Amino acid sequence: MPSQQKKIIFCMAGVFSFACALGVVTALGTPLWIKATVLCKTGALLVNASGQELDKFMGEMQYGLFHGEGVRQCGLGARPFRFSFFPDLLKAIPVSIHVNVILFSAILIVLTMVGTAFFMYNAFGKPFETLHGPLGLYLLSFISGSCGCLVMILFASEVKIHHLSEKIANYKEGTYVYKTQSEKYTTSFWVIFFCFFVHFLNGLLIRLAGFQFPFAKSKDAETTNVAADLMY
């Protein structure tokens, strides 16, 4: 492939990576990962509410990795509330999983920025055939994509398996018990998914630029070595 086309492809991949890094930085600080509705089970059972009457006992919340806000309703009007995970909810949430989500998000940002620099270096510089070259680009794209995947899996497990929304809604609520009715992932979560997809796409762009996948290259080299051994 002509060098000019390689420059264009690597520049595109670099721009995609930079956009991903900015997106993840923004997503990390916004309370737009999950939007949930919660039912005040205690109040609904007391008055035997059903149908449209349940709307009086339905609250909602949205939150991210550090803070969030919502409204509790238990038949006596809306009660707005705000919360932060650190230090307010440390005793209520699975801390190890939550910290790992933040940690892998930070690693994803760093690796994506490094990947951006590597793509631009390959576009305009004279890269070595080791980590600065295609091998490094493949490696960074794979690790970054894996980090993005881990962030989504860990956060989804925290929300669905450990019932994060219920724990937040019931935090310091001694009288009423809240039950999650619905949850949906919002903007910030899908930014991580988009970033995961972009790293997969960048791997295809590297291949499109004319560089073999690492495992394909090693397989060809192994075949050559076997042929050389047979000759002797």
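Using the three backbone atoms N, Cα and C, a Cβ is placed for every residue, glycine included.
Not measured: the values here are computed from a predicted model.
Annotation comment: Swiss-Prot describes 8-28, 101-121, 135-155, 186-206 as transmembrane segment. Taken from Swiss-Prot, the feature N-linked glycosylation site covers N48.
Within its own chain, the transmembrane segment (8-28) has Cβ neighbours under 8 Å at 64-66, 102, 105-106, 108-109, 112-113, 115-116, 119-120, 122-123, 137, 144, 187-189, 191-192, 194-195, 198-199, 201-202, 205-206, 208-209, counting only residues six or more beyond its boundaries. In the three-state DSSP classification, N48 (N-linked glycosylation site) falls within coil.
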